[in-house]
Amino acid sequence: MFKLDANASMGSEDLDAYNPMGIHGRQTSFPPAPTSPRLSHVRRVSAPPPAPKNDPWRKQTAWSISGCLVYLCFMASWGFYFYVRIRYTLTGGIFPYALVILIFDFISASSMVVHGLSLLRRRVPREVLPGSPPPQKEYIIRVLIPCYTESLEIVKDTILAAANSLLPDKCLRTVYVLDDGKDPDKAAWVAEQGRDDIVYRSGRVREAGETNGKACNLNNTLKWLYPADKCVSDEELLVIFDADMVCTPEFFVKIIAELYDPQVALVLTPQAFHNYDPSCDIFNHSNLIYWQISLPGVDGWDNVSCTGTNFVVRARAAQEAGFFPTYTLGEDMALALEIQKAGWKGAYVKEYMAVGEVPETIRNAFMQKSRWCKGGMQIFFSKHNAVLAGRNISIMQKIIWNTSGLAYLSTTLTTPVFLIVPIVGVWAGYFPLEFSRMFALAFTIYAFMSHVLLYFCHDWRHIRSIYFSICAAHVFWFAYAKACVNTIVAAILKRQIKFKTTEKTVMASTVTDAANKAKAKLRDTWGHHLWINIQDLWIHIVVLVISLATAIVGIIRLASEANFKQIQTISILVSVGWCIYNLMAPVLLVWHKLFQNRFLTPLVNFCAGLSTIIVVMIIIIIWVILPQEYNYGNILGQSLDFYAAQRSGYLPADNPISWRGNSALTDVSPTGSSLVGGYYDNAGAVKYTFPLAAATTIIAWSMLEHSKGYSTAGLTQYGLDTLKWSTDYLLECNLQETFGSDFAYVAQVGSFALDAAYWGKPEQMNMSRPVGFITRANPGSDLLGASAAALAASAMAFEDSAPAYAAQLTDLATTLYNEGAANLGYYSLTVNDSQILYNSTSYFDDLAWGAIWLYKRTGQEQYLTQAETYYAAQLPFNNNSDPGTGMVFNWNNKLPGVAYLLLEASGFQNASYYYLVNNFVQSWTTPDDGISRTPKYASWVSPNSPLMESANAGIIAWLFSSNTAATGFYKCWAEFQMRYILGDGHRSYVVGEGHEAPLRAQHKGASCGGPPDKMCPPGAKYSADPNPHVLTGALVDGPQKPDDVYDDIRGLDNSKVSLAQNSGFTFLLAALSEQGQGTFTHCSQSHGFIYGLHNSSPV
């Protein structure tokens, strides 16, 4: 321990040992002892008026321009961050969980907002002319040193330093030793000194239910010195030192100078300590942020601050406040608050002029912090709170007065929550916010400005102290939590909270009586030490073990992750980093408990450096690994562009595809009626009605279910135009009028063989284009059922904008359905050329499909009954087919769609249909029934158009999850299939969109280049060059199995495109456009999506 000889001054060499700032004076002589106390007979009830503005000794403050600029920039980043948090991140995770964490995030950030207030104002240095003497004040200084069980070895150094320090001229001083422990050794030692300026007082009678023994001890002497009937002069000063605080020789000279301003009633100095290592201060004993940043700023707002020792207060101000309040353990803060309420000002001298001891055991450190927290909370939750004060305290001062209570509450509430968040993120897969580029931007700016604010006005030596303050919050949060709970419970139950003193070094080691020796012997046993260790550290050990286990589990899961660019991957990475960050304080605390300060400094340096690296890496991870944010509305428009590129006939003037022109203008039926128009199905120029009808139905369905998705993207009219180009052609395909009494309907225009032999632009083709059609004698129930569905669904889409046209579509839909139901047969047996690409294997599903859409359009029960009949007739065929083939929803198998619409027609109440739809969706979302899943979680059933089939299955999954109580996992699975298609797997399979998008889609017009009237160059089909024209929005077949290498070669099947292939893709884009951004984060986190994919059943 540092000791001060009674007859020697404290030199600069000694001061440097405990003064972290290196600021001190030097003493050369001592004044004589003071005379007896004297009292004034002038009584006032408030602070005196301020000194004249030209008084050089008047305390003056001013705005800090640099501090204001930093704070304004920080507040702008703070506002932007929380705007983004509220606007963009709450869709991620479970909403209530996300909202709760947002609230705690706000509470935590509020501490930085309040801390920044200390940067706004500063003291203005006094402009005293050289040689100008200070005011001649005859101050009477009463030094009060309360003590209890502290040893004489500690107290006597404090007494002698206070009694022997320098004084300004004409000032008198008396030191009072206020011994609440009635220690005969202290009494004898004071008597031995034989000095009138050192007075020993003891023998106070303790009252029952006493809350604050220190305050009562001080008040006992103060009421003796200043009876209620005596008036006190403004030149009567009280100086308070804790029993272990040894002041420097210049303490009184420098601190009294602040009192030359008559409105200043209390002057505080910072505290320094000798018995800790500032290089490994994990308990933040130095607290440089408070002493070097906060208090100078608080002083700039003229706040009265007090920390219990090393301060001077005018006796009159203390008397008017009733001396030290006893309702709280924080008597120092409470006294300062009452003085502020009376209109007085405070001052702060940023010089270390007193040195004491910090608690040397973890338990004592916890007790000290707990006592401070209880004291602050007692004021915060009492009627004495500054918020309830009158006009003498400004709004800003009221805010500053509550920073202590808010800081304790913030640490108590937010620290455990932020310990739990990463644990939940790894184990449960729930992360409370959506990671997005907007969030990444807001978080990066906010984190940068937070550090600028935190480090502002610090020199480089203070950087480590910032880490110590953060570390201390993790060390003491549980002590604060218990203190807050105990304070609130005590207030509710009207219980007393007792003042517990903090043991000092000599006090803890000096044991005299036999009973205490027996207790000390018990404390030395191994079992007692173990129990104490468990009591002190159990919560930190629990945090250490759980956080370490969580980090290990997270690393293992990351190591097994096939697709690294996922929201869930970012969540786990951030959670792992966060857990490691949270580990550090418990590790340092346990190390200190086991090894004291041995090798603690390098460990602290390592943890501080690693903490910084983790914060930086989290920002980098969010930016670098963040999955692509897809503009679904924009991509929906691109998908419609693909249909525009497939148009046949006379193109409108505003056709969006510049490299397409009029084509197939001579398409006519056998009777001469026009068949100009419609869509080419794939790379060539053949028009197939069967897949066109299937695609048209899906697009119409998307507009009915997700009209907002189209309108949000500004694509409603474009979608209707896309439908009308198809329905106009479907109307033309009806040849009944030209065939007379017989019925005929066109199934195909163009020849597969002739078209395959020609690689050129459709605008330049001149080959024969035969027409295939069905009649009653050569029926096609499948074609007619599918076409009826397309017309009925489209009629519903046109009902509001073109009711007459919708009625025309409905009439033809009814005709086609009735013809198909009356004359059963496969269209592809009649139009043999269609078997090459679009061979139909059933017609009951198509009739059911047509019937259920007519029911939706007309509401006539007969169609619902017929749909159920045809569905039941088709079901055995699907159940007996190959397990994988029976579980697809495409142009050839409409049964899953029929099942969903039948379930919808029942109000989602029919258990049988519910089971069938759920079984279909569950088969796709979990690897079973012939459906496989790749390591990157893409589901597929066959090598033929695997991406189309997963997108189509996504339609049913999305609708089923959206409209029933089925798990949200299904909808999430659908979105993931879409994200896989767009590039989350490793590349995009959509032309013109995303990373490594296909460049050589199999398409004649796109591969030829040049304007429509220019001939296609020879060898265009097999050229290795990218297509000269971009077939924007086209979904290619993709590899035979997702995750396999995609050969971007024009002549291979995996580069094929088609109308039906794009339709399910278009539907889901409309759904996602309506849903908006953030759905995938919600999926990844709230439904444990990635974990569901790892399991055999959905989460």
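Positions of Cβ are set from backbone N, Cα and C atoms, glycine also.
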(request) Have a look at 29-57, 986-1014 and point to the one annotated region 'Disordered' in TrEMBL. (result) 29-57
(request) Select from 238-261, 406-429, 790-813 the stretch of residues annotated by TrEMBL as transmembrane segment. (result) 406-429
(message) transmembrane segment per TrEMBL: which of the ranges 435-454, 955-974 is that?
(response) 435-454
(request) Establish whether the number of Cβ pairs under 8 Å between the transmembrane segment (94-120) and the transmembrane segment (570-591) reaches at least three, counting only pairs separated by 6 or more residues. (result) no
(message) Which residues of the chain, 6 or more past the ends of the transmembrane segment (62-82), have a CB below 8 A from one of its CBs?
(response) 106, 109, 112-113, 116-117, 119-122, 124, 297, 300, 442-443, 445-446, 448-450, 452-453, 456-457
(message) Test of understanding: applying the rule of at least three C-beta pairs under 8 Å (pairs 6 or more apart in sequence), is the transmembrane segment (435-454) touching the transmembrane segment (603-626)?
(response) yes
(request) Determine which residues of the chain contact the transmembrane segment (406-429) at the Cβ level, with the cut-off under 8 Å and only residues 6 or more beyond its ends counted. (result) 101, 104-105, 107-108, 110-111, 114, 373, 376-377, 380, 473-474, 476-477, 480-481, 483-484, 543, 546-547, 550-551, 553-554, 557, 568, 571-572, 574-576, 578-579, 582, 1084-1085, 1088-1091, 1099
